[in-house]
Amino acid sequence: MKISLLTFALVAIFGSSSWIGTNSVWMELSLLTAKLPEGWNLPSYLSAIVQIACLGPLIYSIILKGIKVSIPTVPLIFVFMILACCCQLGLCFFWSDTSYIFGAVRSWPLYLLLFGLAIVDAISSVLFLPFMAKFHPAFLNAYFVGMGLSALIPSLLSLIQGTSNYWCDGNKVPHYDAPRFSVSVFFLINFFFTCAALGAFVILYKTGAHKNSIKVVPDTVDTPAESEDTSESNFQETSASGARLAFLLIATALVNAQMNGIVTSVQSYATLVYSQNTYHYAVTLANVVSPLASWLQFFLKIQSIPILAALTLCSTFCTGVIVYLAALSPNWIFGSEAAGSAISIASSLIAAGLHSYLRVMFAALLREGNHKESRLFWCGAFIQIGSFTGSAIMFPLVNVWKLFHSAPSCR
């Protein structure tokens, strides 16, 4: 089959809507914490809101798989993407509004709008992926490229905005430069990207790009001896297939726990201790590597479970290095700023590349065979389970027990 570049681009744009809403808020934290009454307690509140929103996929899964209620996928995707556009637009105007609630001044409009975005982002794992099962397998890669863009786009915008540029005076006090454009403009640009994703989805559906032909294999008649051998062979294949499926789903959860929960929680501690540039290079280049690694599956398709397991261990090792560097903060590894900066950036890039490649490969392998839509549903479910588990583990370590310590801006 000849792959349409236009369809590939539309799928990637559609996939970029998966987490762009939540990521856009996260990339503005340095400005939000400076202007909102919660200060540096704001990230912990927002993290809790995102975790509550993660209950959305659980409820959807119970309704769909537990109660067996048939829910039309396409209209539901359209509704959720409209909700994402509305919430993103609302951030442009109401992100700074506050009022007195529960004994304190709180940024409740920001809470509500982020909750709406997080609901869409979280449920995309179990709603958008099964929709992608209707496409040619090559377009699944395009979707994961789009997922990478959902982090890259806000990251690049934040760099252009200059949210964290500062200089130190003689007393080692940081002075932050004014951003090139406001928080409202930043959210407005992301609103346009979200609208583009909605438009891409509508075009994909209206043009019928999601329709896939199904080949029917005619039945054959076996002799009794052949039937007995076939029965034993099918039993062995089913057992092997079950073990393979279990590995792919568990590994999917593990990789996404590291990618979306662990690394994001401690990366600032592992990089900012060396310099602001180290942080920006690690985060931005990792967001560049992530969508590029999603393309790698076109050229290098690994289907061997032992090799995939070895790569998963490598990605876990890189994640462990990042956590170790974060635990050392505010001290440098080997007492060297240069060595620590190099190790921090390298581990971030390798981890991002492995996580993205493995996520695509696991999804591609799960898509093979029968019941591909159901398998991709569970792939999305385990993506969300892993992300939630990683965040749930790291949240108390970072925000409650405060095991990680930030370094002063000017050393």
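Cβ coordinates come from backbone N, Cα and C, glycine included.
In TrEMBL, annotation is done automatically, which means it is predicted and not curated.
Annotation comment: TrEMBL describes 42-64, 76-96, 108-131, 138-161, 181-205, 245-266, 278-300, 307-327, 339-364, 376-398 as transmembrane segment.
Using a Cβ-Cβ cut-off under 8 Å and counting only residues 6 or more beyond its ends in the same chain, the transmembrane segment (138-161) has close neighbours at 1, 3, 7-9, 11-20, 23-24, 26-28, 128-129, 132, 179-181, 186, 189-190, 193, 197, 280, 283-284, 287-288, 290-295, 297-298, 356, 359-360, 363-364, 367. Beyond the transmembrane segment (76-96), the same-chain residues lying 6 or more positions past its ends with a Cβ under 8 Å from any Cβ of the stretch are 17, 21, 24-25, 32, 35-36, 107, 109-110, 113-114, 116-117, 119-121, 123-124, 127-128, 131, 183-184, 187-188, 190-191, 194-195, 197-198, 201-202. Proximity of the transmembrane segment (278-300) to the transmembrane segment (339-364) is established through 3 or more Cβ-Cβ distances under 8 Å for residue pairs spaced 6 or more apart. As a quick check, the transmembrane segment (376-398) and the transmembrane segment (307-327) miss the bar of 3 or more Cβ pairs under 8 A, pairs 6 or more apart, so the two do not touch.
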